[in-house]
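I have placed the structure first, in the form of structure tokens, so that the comments after it can refer back to it.
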Amino acid sequence: MNYIADLHIHSRYSRATSKEGTPEHLDLWARKKGISIVGTGDFTHPAWREEMEEKLTPAEDGLYKLKEEYILKETGHLDMEAPRFVISGEISSIYKKNGKTRKVHNVILLPSLEDAERLSKKLETIGNIHSDGRPILGLDCRELLEIMLDICPEGIFIPAHIWTPHFSLFGAFSGFDTIEECFEDLTPQIRALETGLSSDPPMNWRWSALDRFNLVSNSDAHSPGKLGREANLLDIEMSYQGLYRAIQEGKGLSGTIEFFPEEGKYHFDGHRKCHLCLSPKEAEKYEGKCPVCGKKLTIGVDHRIVQLSDREDGFVKENGRPFESLVPLPEVIGASTGRSASSKKVMEQYENMIANLGTEFSILREVPTEDIQALWGGHIAEGIKRLRAGQVKRNPGFDGEYGTIQLFDPDEIQNLEGQMSFFAEFPMQTSSQEDAPVPGREKEDAPVWKNEEQTQEKETGERTGTEALAPAEEPNSRQKEAVESFGRTVAVIAGPGTGKTKTLVAKILYLLENRRVMPSEITAVTFTNQAAREMKERILKKTDAGRNFSRLTIGTFHSICLDFLKKQGKEVILAQESDKEEWADTICREYGLDISAGKFLSAVSVWKTKDGEVPGREETVPEAAMEAYQKRLKENARYDFDDLLLETLCIFEEKKKEEQEIFKEFSYLLVDEFQDISPLQYRLVKAWNRYGRELFVIGDPDQSIYGFRGSDGACFEHIKEDFPEAQVVALTENYRSTGNILKGAVNAVSFNGGEERYLHPVKEEGLPIRVVETGSKMAEAIFAAKEITRIIGGIDMLDAQQQRAGQKEEKNRTFRDIAILYRTHHQARLLEKTLSQEGIPYVVNGREDFLGKPLVRGTIQFFSSLIHPEDGGYQKDAQRLLWGTEETFPSIAYGQMAEKYREKWKKTSSKKLLAQWMEDLGRQEDKDLQKLLGISVLYPKMPEFLEALVLGEEGDLKRCSGKSYTPDAVQLMTLHGSKGLEFPVVILYGAGKGELPLESEKHPVDIQEERRLFYVGMTRAKEELILTYAKEPSEFLGEIGEDCVKKEHTGKARTLESGVQMSLFDFM
């Protein structure tokens, strides 16, 4: 049987992809296109595998199809059998080989989800495969191939888009000159190569070294609508084995469907910034440098093939498989009628055509043009006729700029017979925006069709939630000064958006690659585990020392100390929360303290981190009581978190210079977020680096927001006192926020006094800061939800959002572009209700109160007892918290549950385990357990889930709003948890009196720290900042200044268009 197969795609779990990358929409679009076999993409992502397990069912051997209950109703009119899915995924390898950094993408096909699970489990031990559907691993391609063959010999391994300049097997910048150099002795296991969008079979025929391989083509689609841009023609039995024989042996591989190679965004050489597009011969004339600016040109696919080929252009390979060059039907309709391919009218026409004439591929390839003309007029029929004959005008793409294909000259549109009445009301000349010429080429007045994937990448590809980077790869002068300094001590004052993380990563890379420092001598301390993971990923992407990366130490103070103590042979057992609370209660009674166990433990923590000094609390918690608590810990051979640091500090301060071995890994010590370290951590930094070579600290005193936890915002002053020779570098160029946002934030924080702040925005002035007054907390939460709906394209409900002053056009936003920040987790409760009512996906970040509820704690302790049976404390806590204090029944109940789950936790995802657990307890509707289930979605295995719950900082824990993870979600977090992140749009919720600064009868307000917290929240915004409050504003709002603010008022009551009064009950 003849089939069309598109095997390389991406789901919604990859970066820069459509939120419709789901099994349902892939099934729908495969039917529309006429694709019989489609790759699933992204099999390494645990949430995507879980979704596939839920929605797909086995079909023919090794293939899957969508379950009936998930098929979208739009498929009803499509006359095509359900498409089959084959498990597939793309993996990016970045590593050093033969003296050069290699960046290569490979596609893997597997015969089952079980094989995908096994392979992913192995890859998980090598690198992070959770953050992106296309994971980046520091793994040699040969080793990746060997791992696949060991785990699944039936797997298919295909080097992807082999000519792409930056990430491919033969790419001009990071690829190889021969396939043997890459895969060595395993080269015979490679049977097929993916040609990519910027090359077609004749271009590949020019290099005889490729004659032995089967050439395949796939779309690499980032959205379902892009399926089939390139595809494979197969004559096989419908099974994985049939597919295997076609790709690996060529049996049944009939040919391919191709992009026009000129349309690919790396076909010719060029320099997009200078609007310059050059053929290989022209580029050679300029010796590979841009004649406009003198910088290096991006070498295109055509040029790279010229470099490696040994045959003349136009060579036809004997027995070369046939191919067809096509463009998607919407683009043909648009180019044939003078409309944008994505316009509503064109898409209506597209849907009508496939409903009446068959699938998109049958219309493009087979349906007689007479039938098309009879139903839809001469323009489209003529366009398809020319497409089939290859009668098109080609404008090649270059340096990331997609090429264009032109079907008609301007005057032909009006002269063709059979004008379509469907478009009769439209002028046949396209808008100036649609007709904009490709930079560097002569302007064409005729309608052209453009590949619109580029637009999508621009809209969704920007990574939010990360530290701002300078536009250029090279550091600016101040950053460079910090990076290249040889000073014994360097203190970098890095204001928000000045590229703090970029500078820190660049410093590590400079040590590794320029100064050739051994990775084992470098330690970088981060504020959260998430920051540590992201820093490792950044270094792995860029470093030339990838193979030694594991010897580089990056982590939080607590994780580094824990690892150190274990290496020293210490038996480190952290005290259970229940034990700590029990001891605290006992001590409070003994000393007559009228405070809760939690307050007592907080006081002890501050006492330890402030080196035994607790200003203002001596009378409430006497030092003798705290020493009694510490004695209990030692008697029971237990540690709390602060003890990890204290024990480590003791060891380092006692060591003498002659015992320098333990100091070696701290020879080059780098500390992030230095403004938020405690006196204890400061002592630890000095002890670690006592015999070190260099100390590099970076942070911002104006972002010191953890004084309540013992941090000391004056640590930069201490550095200057303790290290008089310290070199101080100030980063002042802000690459993140617009001028208005930065102006308002600096105005506010300046009320704290001190030296004048210098922060210079690189971006333009931008929109004013919107300060929105609402009539109640309910109205404020509703406003936030409705505003998000409007931002991403919904309909306004409140009058205040009907007009945006100063904004000429709306930007296309996605949910992931937006964050809501608030002072306390309690404020998120109403927000969650309103967001859910609007159907807005969201992720709650941070350590929430529900984690302290008995049922949740008991659940955590129960599974901990199974994973750590040697520690009886977990079982004791689980029995007490879940089944009460009676001796007999709790033990029996625990035993029955433990028997059921003792082995199950090892092979079942944490999400499924928790769901089954809730069912066994009869607590499926318990809201606290449902929230715990929401966190488990992001942690495939129970051990890492429990570790995150125990060790995770405020910025480490995330809870999904639904039962599955979606990367396209609004981020909810406290102001504390937002530090270090950035978002195009920020709603700072609860900027009202009593909420910010947070007023409490029990604790005095530290007004300066609260103002710094406000400053941190404001400077998370890149382009839009909205401050909301109910009734009375925070005093901080009056400090922003009038010239950068637009004030709005939603009124005390708002009604729907139907006149119905909104009520809180609408959101319950």
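Backbone N, Cα and C atoms are what each Cβ position is placed from, and that goes for glycine too.
TrEMBL lists A494, G495, P496, G497, T498, G499, K500, T501 with the feature ATP binding site. Using a 10 Å radius centred on the Cβ of G497 (ATP binding site) and all shown protein chains, the other Cβ atoms total 27.
Under the heading compositional bias 'Basic and acidic residues', TrEMBL lists 440-465.
Mean model confidence for the domain 'UvrD-like helicase ATP-binding' (473-738) is a pLDDT of 86. For 473-738, the entry in TrEMBL reads domain 'UvrD-like helicase ATP-binding'.
Under the heading domain 'UvrD-like helicase C-terminal', TrEMBL lists 739-980.
Here TrEMBL flags 430-481 as region 'Disordered'.
Under DSSP, A494 (ATP binding site) is assigned to a strand (E or B) in the three-state scheme. For G495 (ATP binding site), the Cβ neighbour count at a 10 Å cut-off comes to 27, with all displayed protein chains included. Every protein chain shown contributes to the tally, and the Cβ of T501 (ATP binding site) ends up with 20 other Cβ atoms within 10 Å.
Reduced to three states, the DSSP call for K500 (ATP binding site) is helix.
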